[in-house]
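Below is one structure; the comments refer to it alone.
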């Protein structure tokens, strides 16, 4: 009616008359603002925090069976045998002969040109490849303990003899290599250690190292701050020699024990657990990468550096063998250092951490939004603002920092417990199928022999991966109600 007062439209009614979810769950606790009228003034309503009205459901974990894992000594022995077989195959690829020719050719009397092989180099490579096995023997003997003084003296003597023998062989081979080769070739002998020290030992996370010494993770926030404040002094006190000795010692140490998951209740403790697990995972991956590259370097690349210029060999096949050795060593070390129990631990921690999805500005403008708080456990679907950006909670339990990329990466990698295992099966299965294809297409005797020997080693690794995948796949697909559920 002209001149009369118009009633409010539907849009105005929906915005002013109905309280928003932000008012119902955010309120005056820092998670949102109060109800506002059209003039923008806040109406003071006593509103409880979001955690009092929307409580996320408890995180429930599946119980997986204890799958058999090779012991440290057994794995190092099998890994050493595999590397010796790969080294033998590489020497066949380099020094093979046409031994079926008539005997009037001097080089065709044997299948290999044994007179061209540098046995000092082969002995040096063998000692370098056996370093982990030797240290595993010493560690297992030390763990066994001594029942008597005689037993203790025998253990000490055996350890001394073993280390002395390895050191003597190493020095003897180095002296002979110095006499018969140029300085440029000799630089290749210690190249992996020269690369490892500057890349790895100067980038150690001292705070993570301090926190990882105790694996119960249930620490007070004050202790965390105190340990973080002492990081600077500890990092500065380390000189180059101590870092060098520490980094070299890590190459002989066995894998660190698997930590335990404590289902912490506090968001700070959850994030602290994730930081510790992230540092431990990065350390294990660093060891896997270095040891796999170290093995491939000494097995397949170093023999090529000492080949005489007059010696002909198939460069493509030798480089292909180098890649295969590295991939197989990577899968074997990953399977040993990242077992199914450890991956399940990372999955449980990722379930507590949660994930945030970044949204565009202007989207969800009419939906309730909250200010992110580090002391709040956010349920799924909640919109929060953090660092001038809008995020939506994706997991059922969210305590991650929205702007922290490492938290999002951690959740992406481990919120599905079989992701890493499926990746290893895909890599190893592709290698096995390619080697079978190459075996069927091979026409040279050294190609057939090398593929046949390597395939036997790969079958064992693929069998273990498929066994774990079948068992864990059924365990994780089982209904949660059938387990004895563990909730926080």
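Note: Cβ is positioned from N, Cα and C throughout, glycine not excepted.
Note that this is a predicted model, so its numbers are computed, not measured.
Listed in Swiss-Prot for this protein:
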CARBOHYD  31  N-linked glycosylation site
CARBOHYD  39  N-linked glycosylation site
TRANSMEM  72-92  transmembrane segment
TRANSMEM  110-130  transmembrane segment
TRANSMEM  154-174  transmembrane segment
TRANSMEM  182-202  transmembrane segment
TRANSMEM  287-307  transmembrane segment
TRANSMEM  319-339  transmembrane segment
TRANSMEM  420-440  transmembrane segment
TRANSMEM  446-466  transmembrane segment
Contacting positions for the transmembrane segment (420-440) when only residues 6+ beyond its ends and CB under 8 Å are counted: 324, 327-328, 330-331, 334-335, 338, 340, 343, 413-414, 447-448, 451-452, 454-455, 458-459, 461-462, 465-466, 468-469, 472
Stretch in 110-130, 319-339, 446-466 most in contact with the transmembrane segment (154-174), if contact is a CB pair under 8 A: 110-130
Region pair the transmembrane segment (319-339) / the transmembrane segment (110-130), three or more CB pairs under 8 Å: no
